[in-house]
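J.: Structure below; questions to follow.
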Amino acid sequence: MESSLGQPNFISVAFFLIFVLLTLGITYWAAKKTKSSSEFYAAGRSITGFQNGLALSGDFMSAASFLGISGMVALKGYDGIIYAVGWLVGWPALMFLLAEPLRNLGKYTFADVLAFRLKQKPIRIVASIGGILVTITYSIAQIVGSGKLINLMFGLPYELAVVIVGGVMLLYVLFGGMIATTWVQIIKACLLLFGVTILVILSLSVFGFSLENLYGAVESKFGRTALEPGGLFANPVDAVSLGLALMFGLLGLPHILMRFYTVPDAKEARKSVAYATTFIGYFYIIIPIVGFTAAVLIGREQIAGIDKGGNMAAALLAELLGGTPFLGFIAAVAFATILAVVAGLTLAAASTISHDLYFNVFTEGRASEERQVSVARKATIVFSLVSILLGILFKDQNVAFMVGLAFAIAASGNFPALFLSILWRGFSTAGGVWSILVGSISATAFIILSPTVWVDVFKFKEAIFPLKNPAIVSMTLSFIVAFVFSKLFPDMNAKERYESEKVRVYLGVGAE
Amino acid sequence: MKSKAHELIESPEFKKLVRARWIVSFLLLFLLFANYYGFILIIALKKEWIVERIGQFANFGLVAGAGVIVISWALTFIYVLWANRVYDKEVDALKSKLEGGR
């Protein structure tokens, strides 16, 4: 099959321009509304549960989910499905443990929840470190991915692609704040769900709308093994550890957590998660069909020939089934996806810098509204420039481990402290600070010493830390440290304040 | 307001509400764990179960993958149903007792 992939075809560029112009129009509209800090960070708490559910799924369904999982199914078969399942199961956990308390306790960032009864300065400083580490590693992975993707799809140079992504995203966040970012996510989520649905319908039409026929074709072409688990989960401890990181990592991702402050109350927060779980679940159930169909109709060699990771499987299939116009549409959706996720991450980082560090630590809560928003905008510019530069610097690195790192730090650094501060009366400032530090640092150190970096990147013979994913160890460490330090250095103020925290957690009284 | 809040927290109704909330949460979380980690451990330890055919070509694993997602989704909706029917009503009842509460 001849592919027009890699040439800047007119239709994909047109689709992309329409998307950018439409979203910039929204940003222009949002800019007029974005004056106060509550509007900049939390869209004035005016988003409904349904809208926020779409925006949450937009934030979560990155290009890694769309292109990565379909490619993995195409090349590796069943193992890709196992991976897709793992990406969903964090959402129910988020609902049961954090969604409502988070909304009732926080204002703009997840550190608000920790600082509700612990000592402001130390806890906000450490929580910011954890939050920024997660957002920066996750952004670099997204930006490098986008550069490669655009390079493959449109044939634009890598550096130019990174600068375009960075520049447009900067405009969204800078002028439109959370209102614009939310609407960009909503539009992107709709486009993605629509595009994949069409792709699945076209795929199934080839097989007479029968999954049995599709599986039969896979079996006759690649043998039975394509429909069976391969080597991904050979080691059960590693498998559970990856599962823990995927599940609880979600509960520590700053750009996801801050979405809960855009809705008016706990009930809407609950609805957001219910809608998000529905959309994301639907997406992960149907995406393997794209992967299997691509493997059958295009062939593994050709998919792997264009990109070793199989990331072009969905795009190639779109071209085969819908011609160049549909390829153009899918390419624009993929580009929009990265743009939107990076915008969400940038906003999360900017909020942490301006709200937690500048407003609460540096000025001890004495900065005016205008001053806060202006600092938030400056933080946006700095964070964007840093991530664009790092994106260019990391050009030829394999960044898959960075996504793993972001999830491991989120699960071990951010989640335990957040969870204990809501549930455990005896949780103290010292416990919180050391739990975040030990969780983040041990997760990072173990990843560097693990087979993924020590062997694959540094080319040493044997890894010092045996697991590919450290969450099972680093999360346990973080919980133990939280317990020991809370017992050794109890916090009387924190215990007293737990009472007012409770009224707010469960009844929502006094929540902003 | 403060002493009222204190009384409220010590009241049996509030304690019951808090207990019920976490019992429901942890029960559902336990089911989610059983559902997901069960799936992963079966793949790692009992692969022969997964590869067994249920149709002409489909095998148990293909259905199980989608099944884990559907069950997780259903658990989320059980939580929403419980929260809307039981939790929210009790919260409203308690709030109306709180002096100066909304």
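Each residue, glycine too, has its Cβ placed from N, Cα and C.
Sharing the feature lines straight out of TrEMBL:
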type	residues	note
TRANSMEM	A:12-31	transmembrane segment
TRANSMEM	A:52-75	transmembrane segment
TRANSMEM	A:123-141	transmembrane segment
TRANSMEM	A:161-184	transmembrane segment
TRANSMEM	A:191-211	transmembrane segment
TRANSMEM	A:239-261	transmembrane segment
TRANSMEM	A:273-298	transmembrane segment
TRANSMEM	A:326-354	transmembrane segment
TRANSMEM	A:375-394	transmembrane segment
TRANSMEM	A:400-424	transmembrane segment
TRANSMEM	A:431-451	transmembrane segment
TRANSMEM	A:471-489	transmembrane segment
J.: Have the transmembrane segment (A:375-394) and the transmembrane segment (A:123-141) got at least three CB pairs under 8 Å, pairs 6 or more apart in sequence?
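T.: These two segments touch.
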J.: Where among A:123-141, A:161-184, A:239-261, A:326-354 do we find the most Cβ pairs under 8 Å to the transmembrane segment (A:191-211)?
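T.: Top-ranked stretch among A:123-141, A:161-184, A:239-261, A:326-354: A:326-354.
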J.: The transmembrane segment (A:471-489): which same-chain residues, six or more beyond its ends, come within Cβ distance under 8 Å?
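T.: Cβ under 8 Å, 6 or more out: 237, 240-242, 244-245, 248-249, 407-408, 411-413, 415-417, 420, 424, 426-436, 438-439, 442-443, 446.
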J.: Applying the under-8 angstroms CB criterion, which one of A:12-31, A:161-184, A:239-261, A:273-298, A:326-354 scores highest with the transmembrane segment (A:123-141)?
T.: A:326-354
J.: Residue list, the transmembrane segment (A:161-184) vs rest of chain: Cβ under 8 Å, 6 or more residues beyond ends.
T.: 20, 23-24, 26-31, 33-34, 39-44, 46-47, 51-52, 55, 58, 143, 146-147, 149-151, 154, 259, 262, 335, 338-340, 342-344, 346-347, 350, 376-377, 380-381, 384-385, 387-388, 391-392
J.: Against which stretches of its own chain does the transmembrane segment (A:326-354) lie, if we need a Cβ under 8 Å and a gap of at least six residues from its ends?
T.: 4-5, 9-16, 18-19, 41, 58-59, 61-63, 66-67, 108-109, 111, 127-128, 131-132, 135-136, 138-139, 142-143, 145-146, 149-150, 153-154, 165-166, 168-170, 172-173, 177-178, 181, 184-185, 187-188, 191-192, 195, 198-199, 254-255, 258, 314-315, 318-319, 372, 375-380, 382-384, 387
